[in-house]
């Protein structure tokens, strides 16, 4: 058991080191993005939502076709991949990295590797469910996809995408400041109150 744990830790460290090396050119941008997403300053959430809202308003105004939208997105990613590693050191000064910044960069890469592992784990569990309990798998997938299709039919595609993107970008800050934990705790307390009230009625 201990040997398996050691192998897992070693593999995690190896994957993290590999990712750090791969993203080294993006280090300054990643650290700045991390600060914005975690709301290190009070005006970061407003700035973040302003940029997202402006971007989606431009998409709504221009109304590009799917092919044009995908082409522009890929073109933007290619430009970023070429320009960011070259310009970031001049703008941010990568030679001035502190131990704290290096440690934070390491934590971010480690969290990305762990997130990737969780996604792969969920994917494997889904196929395990398909093999072991095909009926449950079929009913779960059918119900989930039907709900998603119904939501997509009720809400405009672009607005739904805007809500999803906004939530994903705000989630790290909400989690960092304990807002999600706070409201989850409130929801749990209300549910417990309802259950206790129901039990008293049954008695």
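Using the three backbone atoms N, Cα and C, a Cβ is placed for every residue, glycine included.
Those TrEMBL annotations? Automatic predictions, nothing curated.
The transmembrane segment annotation in TrEMBL falls on one of the ranges 42-62, 105-125, namely 42-62.
TrEMBL assigns the feature transmembrane segment to one of the listed ranges (159-180, 181-202), namely 159-180. Below 8 angstroms of C-beta separation, residues 126, 129-130, 160 of the same chain, each at least six residues beyond the ends of the transmembrane segment (136-153), sit close to that stretch. Sequence-remote contacts of a segment are chain residues at least 6 beyond its ends whose Cβ falls under 8 Å from one of its Cβ atoms, and for the transmembrane segment (42-62) they are 35-36, 69, 158, 161-162, 165-166, 169-170, 173. Taking the domain 'RETREG1-3/ARL6IP-like N-terminal reticulon-homology' (26-183) as a whole, pLDDT averages 89 in the prediction.
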